[in-house]
Amino acid sequence: MQTVLQAVTTTVGAPAPSRSQMRRAVLASVIGNGLEWFDFLVYGYFAKVIAQVFFPVGNSFVSITLTLATFAIGFLVRPLGGVVIGACADRYGRRKTLSLLILLMALSTLMMGLTPGYATIGVAAPLIVIVARILQGLSVGGEFATAAAMLTEYAPPRRKMFFGSFQMTSQAVALLLSSLCSFVLTTRLTHESLVSWGWRVPFLLGALVGPVGFYIRHKVGESPEFLQLRERLGHAPRQSLRTFVRERGDAALCAMGVIIVGAATNYLWHSYMPLYVEHQLHLPLKNALFGTAISGLIGIVGYPLAGRLADRFGAYRLFFPVTIGWIGAAYPLFAWVLAAPSAERVFAAQMVATVVLSLMSGAHPGMLTQLFPTATRSTGVALSYNVAVTLFGGLAPLTVSTLIDVTGSRLVPAWYLICAGVVSLLLVGLTASGRRLCRKPDLWLADGQ
């Protein structure tokens, strides 16, 4: 039985979106998220090469640290991009905002692929790369939230977690494609060719998605829930950031708790792991890339399955046992790999992490949009998501790499995941929003409540 607060997807008497409209909305929503992840994964895979091209210093640790720091800059500006772009999506609509975002992301990816190296244009090279990462961070800051809002607002009742899971599935597709592309390049090219031009190929291919994505997004209809809200208000929704923090601060903290452990797991296992395997385990990069490609295949199946389970049993009810289980498994998993490093153990550990991540994160888009009403949904999701991802995801490779160098312990990633899991449990468990949604998993906030 629906609760009083559960939102409906269309106005009374208004026709629901057709299946073809829903399919177009899903494709339009996920294509930008896929490009975002393809870009950042490729950057992580080729961090060592990018360090040689743009940050050529005598100490390899310093060179790689500068590369990861540049990577982190994009994440530091994400919250700003999230607030600005999220507010635009809440005021002017999801479709227009998504159309602009994919062009900005494609531009930043193209800049990475075309910028000459330090040996050619000197200090201008790393500066252009930094600008590209800032531009990418600003645009991506609003991408996840706006696309998640579009997906769940098009979804029929009791299928919102499943529809939202396609946002995560696009990450798995990007994981598969980026790792396969990187695997082919690293195994087929000489090191000299890879440094000279090979690493640029994935960025140039990724940039081609921009015009196609813009066309698809430009043709899709606006979110039914957003149109309904604007019709009811008679004008575009407006709310100040101060009012949002006062009225939705508890929900934002809960949303951050939902994301933190998944972000830490995702960015460590899928972005930092190739670097960890190569530098800490002293195994060939191709070993990690092969496992990452298989992880993408598992995610393509696992994320939608997790979305269906969340619709049936309640996403917040599943969150606690999965997170607690991962906290208990993180240390033994890393210790087992380090006891006798091998390609087989790395692969097995990646598969375990991927299954857990699928169960943990498949419902994330739906869980976040469930916390906020239509009028502030993009802003709320963008702010909470980007703060959590920046602090515990985007900074994870740099933080873990630095801590390993300082402490000398290769188990730092395990402790990092454990801390992230504990923080997530506390934020979700101690907020009123988290407790309420554990009791009433079908609750969706209606506007004005």
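From the backbone N, Cα and C atoms, a Cβ is placed for every residue, glycine too.
Annotated transmembrane segment per TrEMBL: 25-47, 53-77, 98-121, 127-151, 172-191, 197-216, 251-269, 289-306, 318-340, 346-368, 380-400, 412-432, in sequence order. According to TrEMBL, the feature domain 'Major facilitator superfamily (MFS) profile' maps to 25-436.
Listed stretches 98-121, 172-191, 318-340 were compared with the transmembrane segment (251-269); the greatest number of C-beta pairs under 8 angstroms is found for 318-340.
Counting same-chain residues at least six beyond the ends of the transmembrane segment (346-368), those with a Cβ under 8 angstroms from any Cβ of the stretch are 144-145, 147-148, 151-152, 160-165, 167-168, 255, 258-259, 261-262, 265-266, 269, 273, 277, 281, 283, 287-288, 290-292, 294-295, 298-299, 301-307, 309-310, 315-316, 318-319, 322-323, 325-326, 329, 333-334, 336-337, 380-381, 384-385. Counting Cβ pairs under 8 Å to the transmembrane segment (412-432), the top-ranked stretch among 25-47, 98-121, 289-306, 318-340, 380-400 is 318-340.
Outside the transmembrane segment (318-340) by six or more residues, the chain places 258, 261, 265, 281, 306, 309-310, 346, 349, 352-353, 356, 359-360, 363, 367, 410-411, 413-415, 417-418, 421-422, 424-425, 428-429, 438 with a CB less than 8 A from a CB of the stretch. Long-range Cβ contacts of the transmembrane segment (98-121) within its own chain (Cβ-Cβ under 8 Å, at least 6 residues beyond either end) map to 28-29, 31-32, 35-36, 39, 43, 53-56, 85, 89, 128-129, 131-133, 135-136, 138-140, 142-143, 146-147, 150, 200-201, 203-204, 206-211, 213-214, 217-218.
In summary, the transmembrane segment (289-306) does not lie against the transmembrane segment (127-151): fewer than three C-beta pairs, each 6 or more positions apart in sequence, are under 8 Å. Just going by CB pairs under 8 A, the stretch in 25-47, 172-191, 197-216, 380-400 that sits most against the transmembrane segment (127-151) is 25-47.
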